[in-house]
Amino acid sequence: MNTTPSQRLGFLHHIRLVPLFACILGGILVLFALSSALAGYFLWQADRDQRDVTAEIEIRTGLANSSDFLRSARINMIQAGAASRIAEMEAMKRNIAQAESEIKQSQQGYRAYQNRPVKTPADEALDTELNQRFQAYITGMQPMLKYAKNGMFEAIINHESEQIRPLDNAYTDILNKAVKIRSTRANQLAELAHQRTRLGGMFMIGAFVLALVMTLITFMVLRRIVIRPLQHAAQRIEKIASGDLTMNDEPAGRNEIGRLSRHLQQMQHSLGMTVGTVRQGAEEIYRGTSEISAGNADLSSRTEEQAAAIEQTAASMEQLTATVKQNADNAHHASKLAQEASIKASDGGQTVSGVVKTMGAISTSSKKISEITAVINSIAFQTNILALNAAVEAARAGEQGRGFAVVASEVRTLASRSAQAAKEIEGLISESVRLIDLGSDEVATAGKTMSTIVDAVASVTHIMQEIAAASDEQSRGITQVSQAISEMDKVTQQNASLVEEASAAAVSLEEQAARLTEAVDVFRLHKHSVSAEPRGAGEPVSFATV
């Protein structure tokens, strides 16, 4: 085929589908891997930022609570001193234990602040002063705790107002600065986490948009180089299945879809050529068989006329025999001459009987010819039907065409039967010609014999006055026999001409059947598809380039 159409296609139509799909799937996997990696990274980063923010909040809370716990411990120690004054020893112990626990909680919160993972130079400078004031605060709380255990309420009050409050104020001032720094850092970490989360969301949106764009591009590419060519191929197959072989060629690429389109186009051309050849042969066979049918019908009619003439001849011979018998009864006085005339007449009767038998053989042969021509007519009719079926099966065959092979086998079988019938017709025609020649010779002999009889009868005319009328009747009967024989001769000659025409039509039928067989042999099928194994059976169907 011409490669120009495929050269007008785009580059994508020449890419093989396996590498193309591999690239598409690879791109999807890469995009999925990148998206998963980015999502994992941003999730990990968000978790880390969240833990940092949580840690800063816990550090800030622990640092802020260290002052609150110390203040609560001071209140509990004052309450313990008050309980000791009224001899509430259990209440005093509970308050002292609560105060000691709160001092420990304050120290734990402060140690959490001291052990924070991230420290800036500003934090370290502030930590020195903060640590000094916190330790001074804790140290100042020890005498007050001792006073509380001893039940010295006045000493507790004096120590708290004179020593602890200034320490609390000093610690609170530096504590607020540290808490403010921690709050600022927590806010910064929260903002950073928010920015990273937003950046991760933007990356995910970008990845989704990229995936959507790649999906759209992939769909457009697949629609252009896979879906649309497959739709065209499906439409071509549907039209071929419906019997439409008039579609024009379309451009095809060098990939798998392109090769499929080219093979479909080649199959269409090959199928079109085969169907055209079969159709032409079928039409010619139909015309030839029509001529054979018409000729055979005419031959049958003429054969019927010939049979009627033979029947008329037989009736005339019966009348002639009766007349001769009557003349014999009236010719007793001329026995010798009548005897000789009887002998001659007997010889003539035998000759005429031979003629009758010969004509009977001709009639039998004619009947056989009629039967054979009827067979030819039936075969021609069946051949026409099978040829039409072959055209239909060829249209439905697709790539396999199994049913078409069966029709082709039947067409070859019927063609062989037509050829055999034609040969039998030729043999019978030859036999008819021979019998006709023999009949002609016997008729000539009968004529000579009858001439002798006429001479003998003339010599005794003066004796056979009484049988003149009977002799006239005999003469008229013989004339009718002669006319009937002459008519049969003409009909036989006409039958011979018709048989020759039938033979020519049979030869033409054989040639067309041979052409039809050659056209069908283009298809190579499996062994089980036909009764006789064709050439190249078992091989895949190959399409010729159109």
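Placed from the backbone N, Cα and C atoms, the Cβ positions cover glycine too.
Per Swiss-Prot, the residue annotated glutamate methyl ester (Gln) among Q45, Q231, Q319, Q512 is Q319. From E56, E305, E473, the position flagged in Swiss-Prot as glutamate methyl ester (Glu) is E305.
Within the set E311, E424, E510, Swiss-Prot records glutamate methyl ester (Glu) at E510.
Looking at E393, E466, E501, Swiss-Prot tags one of them with glutamate methyl ester (Glu), and that residue is E501. Taking a C-beta cut-off of under 8 angstroms and a sequence separation of 6 or more, E501 (glutamate methyl ester (Glu)) has the following same-chain neighbours: E291, G295. The two recorded residues Q312 (glutamate methyl ester (Gln)) and Q319 (glutamate methyl ester (Gln)) have their Cα atoms spaced 11 Å from each other. Using a 10 Å radius centred on the Cβ of Q319 (glutamate methyl ester (Gln)) and all shown protein chains, the other Cβ atoms total 14. For the transmembrane segment (24-44), the list of distant contacts is 196-197, 199-200, 203-204, 207, 210-211, 214, 218: same-chain residues at least six beyond its ends, Cβ to Cβ under 8 Å. A 10 Å cutoff on Cβ-Cβ distances gives Q312 (glutamate methyl ester (Gln)) a total of 16 other Cβ atoms nearby, all chains included. E305 (glutamate methyl ester (Glu)) sits 21 Å from Q319 (glutamate methyl ester (Gln)), taking the CA atoms of both as reference points.
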